[in-house]
């Protein structure tokens, strides 16, 4: 059998964005040959893959053709041609996360039903086909409306607080989720390999930018009670087990004001809420994903030091060739590490990079991260 | 002025080996476009550079042509065409380390004279032109004989313990260095940017494999007295200052049994004795090199945790397509991180990769590293 580091063992990654790029940085350590496909010829991975195929991951033939000479196939974004992805599994390729997992996750309606069927706690919800159907539930506002498919990076999600918000509701198949009066949003990343070994990262806390529903700050470790920590970890582990999934799963959860932990949503790949693991944990989420899909022993997830991650988002009002104002000043702060994704063009709220600030104490890391957010501006 | 992260700002690296590969992994974080040149089309960097030029770094025209569209030029190996390297500096390119530094360092005779002229402590020595000349000093054996040029990775260096060793002496211009009865070998990596900012990494301790004169183990931090630590750091900082060098400099030193610190030799680039900084320090030597040559603020070199580095050398007796025996078992040990350089062919004592073991206490890291050395075998 070919070993995973041999010259002709290739791992195919559908998607060539920043997650693929950080995956690549780790793959180099183990000489794992990652081959990326992305329809953008200047995608963040275009220069740093073992091979880069410039084609559309939503195209059936392209995905099938791409998979032909790969030994393992994975994704760095859920939105791939699922029929071709399934066909590759049928052909006997190792396809992780499995197509069945992607199908469960990409439709938020199916995802919610999956939680319910497996007794995984999640806020109550209705499934609606269109806007008109929403008025049936007018007695039960407020809701979060989440489009069942096609949402990404905060798009396709909005609050419907009162009936007057009905006008702006998406006219598409959606999940109507009872609005949760939460105290915190937390996330646990878990991994599982083919042997069934499961490993979780410490719980982190996410602070969203309410305007665009994107993670703005991430704190590691989360400031939560031990009971909530145990709950969150147990839920995350049960979720990956119930999915029977191989790979990395991010489980985003609410902590309600009365101390319950409820799943918000899940993502079966490296995740924004795990970027800090590069600096803060013995094994990063990227290395763990590779270990999982290659059925290698999972790495230690031990926290080395507290850290805070800030996304570097395109400043509203700017579009064009990117300029990073203040980046060099940020580099003067000890323990501040930037990750610039190599996107040539910025636009409002586009994820252009992130910064992780670490320190012996979380509060120091928070102070550094706030300073970074103050001084670094992504403009054009 | 072009910013260092802009699309058309290119850094040229002469050489495409493992040091370049690790440099590349860090360059990705800051979207620095590293372009490598190496005559081996399958060099470790061939797939992971922004651009890879397959040409000979010893060829005058090739180096000159390569430098044409680069904004900054650096090396990952000293052995480059120095005339072309100088010509690029004359043309007004930023060339770091400067050609004058390479010229001082690549000839070990010039290097030793430089130490003497600058009052940098180093063992006493003679310069000889050939083998015959060595017998002049027969009263003063034992010596280390170091060929003035062309030695690399332990080659071109040997002990001449007694007159009977004269037979095997290199018949080439050499440094005859008085044999030092040393207690330890240590190393300090220092960096200096164009602004003149200087920063040093903590002192580390190297254990050599006497058979092939290659670093076998590296311990961070070094187990030395505070006085010796201060001496070593001061010597390293004075050395980079005396060179007026921009970039990263590894200063390898002996600690004699009577507590003196003497320079053994220096290398003006990322170095084997700094691999562990990837896992063990806030900023790695690779990131620091990039910061230095781009005149960015130097990063914190603070130690995060103790670590031990073991080189993965090709097992004697094996040559051919590489196989890493026991690697997966090593990956089970928490805190063990492998770096496989992606060389397809192994041969005896070839540097094929390294492993860094980290732990809260140095002794634990030592135990892990010894275990790794026991179980991982690089065979064909």
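Quick reminder: no glycine exception, Cβ is built from N, Cα and C everywhere.
Secondary structure at residue A:177 (ATP binding site), taken from DSSP and collapsed to helix, strand or coil, is strand. The feature ATP binding site is assigned by TrEMBL to A:108, A:146, A:177, A:178, A:179, A:180, A:185, A:264, A:265.
Here TrEMBL flags A:112-294 as domain 'ATP-grasp'. The average pLDDT the prediction assigns to the domain 'ATP-grasp' (A:112-294) is 94.
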A:108, A:185, A:265: the binding-site residues whose Cβ falls under 8 Å from a chain B Cβ:
none
Reduce the DSSP letter at residue A:265 (ATP binding site) to three states and note it down.
strand
Are there residues of the same chain, six or more positions away from residue A:179 (ATP binding site), whose CB falls under 8 angstroms from its CB, and which are they?
A:141, A:142, A:143, A:144, A:159, A:161
Using DSSP with the three-state reduction, classify residue A:185 (ATP binding site) as helix, strand or coil.
strand
Compile a sequence-ordered list of residues in the same chain as residue A:108 (ATP binding site), six or more apart from it, whose Cβ lies below 8 A from its Cβ; state 'none' when nothing qualifies.
A:146, A:147, A:148, A:149, A:151, A:174, A:175, A:265
Using a Cβ cut-off under 8 Å and a sequence separation of 6 or more, which residues in the same chain sit near residue A:185 (ATP binding site)?
A:205, A:206, A:207, A:208, A:252, A:253, A:254, A:255, A:264
Binding-site residues listed as A:177, A:265, least Cβ neighbours within 10 Å:
A:265
